[in-house]
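Inspection log for the structure reproduced underneath, given as structure tokens.
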């Protein structure tokens, strides 16, 4: 389809109606649904709008990807017969983009050679892999109790300040180091400040590489783009795509698809015999639904339950079905989920749950104990915690850990009223071991090293299982509890206990 020109007939907030004149043969060619159209503003900047509806014979209704300030009736709009596309390839490594693929980091423009449309079909059945594989993260509590599946979808639940961003950062860091993996972060309705913090943390941890010279200038409080080393930038292991909170709903509802398109391009370009495992982060999936609800209302659709769009399940499914494993590689997604008014039956989180393979719940009560990551081991779940997938030893150890923690939770009321002395010897032993297990679930993170001064560690699943079995078998009953806090392997516990003993003497 070639170039089609129309003109603006109506502007209502972020909704723009575009009228097309009849041709010589009394017919009119309209752009297709989801095609992008360009409108040149008086200041020379281009506004992208996306076709959402055909109205009558010669009008389309579009949703703007940026503010519609300065538009007026009669302005020309051009369709090139293409949807919104995202740049791909090594050029996007370490870069920050908006929903239409334009850079927002102050660096050079990206070429659209090999660009991919953001609205795409999910992979065909014959291209999917049916093997169940665990994506080991090097984080003990996740690998043992709620293992992530390669190509799976993980929901990350947590309020403000419990460590969601730090956990996301550590996952990006560990996958980059352990599997030489690549990460894409989609900020859906993100606060601009959070996006800024995330970029700085990624530069600090070396996931995005601006070069040593820039890093030194950043630490001195400057932000000098002339100091960026572009050879280093090409070695970055993450790309960020943001549709910020202040942007129109059209941008916020599409930015997750823009990020996913980049993740798909890295997964699918794997060379023969090489598998690519991509991590895709969405923060926050609730805001994706919320933006879709706003677009639906602006287009005049009848609202469904609790005011959400009637197409909620369709929109969610269209995105989630693209996050999967193919023969070339996998996209594993970690999605932060905000639960409105803590109501899990709300249509937005309820629709998300149906797609998730694992849930990681962060708890404020655990942060109060000083245990980080503050993952709640009893609330978190995984579909692949199955002896046929993870192995019998792993499964049995995980179940024993959950049982001992559950028993400890049940005994807490008795302890708070009557004290430890009133417990039987068996229960007292259970509580003592549970407290050691609870503390051993903590771990120092590489991305938090600058705050804690403790070097981060990655723990293999074999070391994790061995450590927890030793605790539950009573081999560490004589070691003080504080030796288990914020360490990696069981050997680190023994070393820390030795140091504590020397300090006491």
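Quick reminder: no glycine exception, Cβ is built from N, Cα and C everywhere.
Computed from a predicted structure; not experimentally measured.
Annotation comment: Swiss-Prot describes 158, 159, 160, 161, 162, 163, 164, 165 as ATP binding site, evidence class sequence analysis.
A map of Swiss-Prot features onto the structure.
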residue : record           : contacts (Cβ under 8 Å, 6+ apart)
158     : ATP binding site : 164, 336, 361, 362, 363, 374
159     : ATP binding site : 362, 364
160     : ATP binding site : none
161     : ATP binding site : 367
162     : ATP binding site : 362, 363, 364, 367, 374
163     : ATP binding site : 362, 367, 372, 373, 374
165     : ATP binding site : 194, 197, 198, 201, 283
Structural state of residue 165 (ATP binding site), classified by DSSP into three states: helix
Listed in sequence order, residues not in 158, 159, 160, 161, 162, 163, 164, 165 with Cβ within 8 Å of the centre of the ATP site Cβ atoms: 362
Residue 164 (ATP binding site): tally of other CB atoms within 10 A of its CB: 21
